[in-house]
Amino acid sequence: MSPAADRPADRPTDSPDSPAGRPVDLARLVTVMRETGPLVHCLTNSVVRQITADVLLAAGAAPAMVDHPDEASDFAAIASGVLINVGNPTAEQVEGMHAAIASARAAGTPWVLDPVAVGGLVLRTGLATDWLEAGPAAIRANASETIALAGTGAGGRGVDSTEDVLAAESAARDLSARSGAVVAVTGPRDLVVTQRPGHLGEAAPPTRTTWVESGHPLLQKVIGTGCALGALTAAYLGAARSAGIADHDAVVAAHAHAGAAGTVAARTAAGPGSFAVAWLDALYTLTPEEIAGLVTVSEA
Amino acid sequence: MSPAADRPADRPTDSPDSPAGRPVDLARLVTVMRETGPLVHCLTNSVVRQITADVLLAAGAAPAMVDHPDEASDFAAIASGVLINVGNPTAEQVEGMHAAIASARAAGTPWVLDPVAVGGLVLRTGLATDWLEAGPAAIRANASETIALAGTGAGGRGVDSTEDVLAAESAARDLSARSGAVVAVTGPRDLVVTQRPGHLGEAAPPTRTTWVESGHPLLQKVIGTGCALGALTAAYLGAARSAGIADHDAVVAAHAHAGAAGTVAARTAAGPGSFAVAWLDALYTLTPEEIAGLVTVSEA
Amino acid sequence: MSPAADRPADRPTDSPDSPAGRPVDLARLVTVMRETGPLVHCLTNSVVRQITADVLLAAGAAPAMVDHPDEASDFAAIASGVLINVGNPTAEQVEGMHAAIASARAAGTPWVLDPVAVGGLVLRTGLATDWLEAGPAAIRANASETIALAGTGAGGRGVDSTEDVLAAESAARDLSARSGAVVAVTGPRDLVVTQRPGHLGEAAPPTRTTWVESGHPLLQKVIGTGCALGALTAAYLGAARSAGIADHDAVVAAHAHAGAAGTVAARTAAGPGSFAVAWLDALYTLTPEEIAGLVTVSEA
């Protein structure tokens with residue numbers, strides 16, 4: 001029996017149980033991502049475009065921001081991954097997002113939904129809710145946004161999370177089952193959940209829950225660290241798929257890479273300004289093995 | 001007699017004479033702002049959104065950029081303060097600004113007008129002039145912009161100030177009387193003016209003029225330090241109002257916080273790059289007492 | 001005979017042979033640029049506006065981003081130089097670009113075209129191609145973009161260059177002859193080409209080819225270093241024209257200034273975060289003589 005029989009062709013590579021029982025091989029994922037240099041098409045908010053691009057470059061990926069509706073479709077088709085971040089959208093950008101999602105879907109390109117401040121604001125809440133049906137590979141959010149998007153809470157007061165990650169676990173599970181996406185809830189500890197919908201008469205659906213411990217509180221004092229993590233998630237998804245690695249593992253690795261760099265940056269930072277600089281340095285300089293050694297990953 | 005009797009309900013908290021004869025208690029204001037963590041709704045130009053958000057986070061406030069006309073009204077109603085910065089507006093953002101101003105006004109949320117490059121450019125000059133009638137709590141500008149907005153000069157050549165602060169004092173006074181706002185003119189020394197309009201037969205109207213000495217010339221070599229100060233002014237106004245402190249004092253404190261951090265940053269900076277980093281660090285790390293000790297505030 | 005007779009009024013100051021046989025006087029150009037403090041009107045992509053403005057300020061110029069169609073025309077008329085960067089355009093900004101180009105042309109203001117990611121994307125490729133006829137003073141691009149814009153290649157995969165500079169030399173020459181612009185191809189070595197179209201029966205057309213060796217690979221790991229160089233090119237063009245120096249020399253000097261700062265920044269950088277900071281510092285602190293000493297300029 002060939003090893004490939006472990007993952008039949010009709011089982012998608014992002015099945016949560018594909019690496020059943022095996023821990024995420026962080027070092028391999030970082031290596032694969034850097035060797036691939038995935039091109040990430042970011043449709044993101046105007047506050048964080050620079051730091052998002054800088055994070056992708058430092059980590060080993062290639063950023064491109066292409067928002068115009070006449071260009072977004074073509075570009076999403078050639079990108080390795082796509083990020084849709086609904087923070088501070090413009091009407092024209094929303095058209096570009098629709099085009100990019102449709103194109104990514106048609107091309108089989110993984111795309112990440114970042115539902116920034118969903119819950120409190122009507123336009124973006126409607127968009128993000130609709131896009132749950134459009135096959136995101138991953139959703140990256142804070143606890144408040146996760147709860148709001150799952151429809152079980154009232155949302156936060158913007159980009160702050162007023163809920164803690166544990167309180168969002170059940171919402172994350174619902175959201176994953178409903179959308180088919182890996183759901184990552186970013187916080188002091190990050191939660192990554194994949195939940196397949198069960199069917200009547202079936203055994204319990206395959207489920208995977210991973211906790212990632214890393215990072216530093218100063219990450220909350222620099223704008224765009226979470227948004228950039230959404231883009232990095234798209235980078236890891238693109239690279240992982242090209243290597244036949246599960247989406248769940250890719251999402252975990254993105255959080256580990258960003259978090260490990262945060263841990264290292266905090267050692268020398270005198271405040272949020274020098275922290276941001278050291279974070280970019282560490283995203284670039286940390287070896288795959290160093291990243292794996294700086295993060296505690298546990299499967300629940 | 002309760003202490004509250006010192007400030008009757010029918011006297012607005014932003015009356016320039018409410019703390020008459022008392023110097024601004026900078027340390028208290030910084031403490032109040034950081035304890036409040038005011039949510040600042042920024043409608044600002046696309047060049048400075050990242051640094052504006054980073055400054056608010058570092059100083060102790062919470063930023064949110066919400067420009068879409070369908071969202072700006074709802075968000076301004078829940079924010080602690082709103083910034084309207086007319087640098088590089090888009091047509092859609094201008095709609096959002098109109099909505100945010102109306103909503104802030106209805107909710108009693110203090111909003112700050114930053115008339116970037118007003119005078120030389122037709123669209124923004126018209127907008128800023130109209131908005132003088134919409135009850136800004138504060139106007140923050142350089143000397144050229146102050147003179148141009150007051151209608152007594154021809155404006156500068158963009159964001160540079162070609163006039164010095166002293167030359168703008170009378171324009172600032174006019175602008176304050178006309179708009180009801182505290183007017184801050186940023187420069188080597190910052191001027192904060194509150195001038196109430198006089199009425200026939202009245203004694204001289206209550207007036208307050210405060211000079212703030214702090215900062216460093218390198219602040220002029222980093223984009224967005226002035227624009228971010230406008231946002232910080234909105235943060236201080238929101239926090240001060242919730243504590244019953246006068247708007248004038250809040251505006252002074254914002255300038256003191258930004259200026260003190262500039263003074264400290266210049267001690268280690270090797271140029272504008274490292275200055276910007278150290279400025280963010282200092283905005284975060286300086287204690288209220290350190291800020292008060294780094295700044296000379298004088299009432300004229 | 002007056003010295004002015006060396007450059008008759010009917011010979012444009014940007015003639016490639018005006019300083020024939022003389023090497024570019026880098027130190028003088030840097031001095032002239034800093035003394036002039038040229039106001040650069042940037043219509044650029046939303047990812048790099050902050051770093052572009054910071055680079056101009058650090059280098060000694062004054063930035064202004066004015067995109068609105070109602071303001072772009074007026075502003076381009078008073079600016080010293082204009083940058084048109086087609087990365088991530090919006091429909092409204094494209095209108096502003098049309099207005100700014102027309103105004104710059106009418107006013108004789110030099111403008112720079114940066115054809116970001118042209119080749120792969122339909123909208124911007126059409127715009128950049130049309131604007132070749134609108135008299136840009138310079139075109140700054142990477143090798144892939146140069147080849148794509150010249151119509152001899154299929155374009156890159158975004159902002160990456162998948163071609164090397166030498167491969168783009170003949171495309172750069174064609175592009176210069178066709179547009180009348182100085183063409184700069186940025187890469188590990190920068191190529192600056194001016195090629196005048198020849199006419200039947202004429203001797204070989206005047207041509208100038210300059211190679212600039214400087215910089216550091218980390219410049220590729222910070223977003224916007226190339227885009228900001230486009231803006232710096234506009235700054236040097238504006239200053240050089242006011243001093244009667246050829247456009248070709250101004251383009252070389254912009255690349256030398258940015259590259260020398262990169263070389264110096266790399267000496268202390270621990271990664272792309274600290275590199276970007278040190279680059280801004282060096283753009284500001286390097287003396288004209290230091291810049292000249294850090295760069296190798298050779299005429300081919």
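Cβ atoms are placed via backbone N, Cα and C, with glycine included.
These come from TrEMBL:
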- A:M65, A:G224: substrate binding site (BINDING)
- A:R140, A:T186: ATP binding site (BINDING)
- A:1-23: region 'Disordered' (REGION)
For A:R140 (ATP binding site): intrachain residues, at least 6 apart, with Cβ closer than 8 Å: A:V112, A:L113, A:D114, A:A184, A:T186, A:G226, A:L229, A:G230, A:T233, A:V251
Interface-adjacent binding-site residues, chosen from A:M65, A:R140, A:T186, A:G224 when a CB lies under 8 A of chain C: A:M65
Residues from A:M65, A:R140, A:G224 facing chain B - binding-site residues, CB under 8 A: A:G224
Sequence-distant neighbours of A:M65 (substrate binding site) in its chain (C-beta under 8 A, six or more apart): A:H41, A:C42, A:L43, A:T44, A:R49, A:T52, A:A53
For A:G224 (substrate binding site): intrachain residues, at least 6 apart, with Cβ closer than 8 Å: A:V47, A:V48, A:I51, A:T52
Cβ neighbour count within 10 Å of A:T186 (ATP binding site): 29
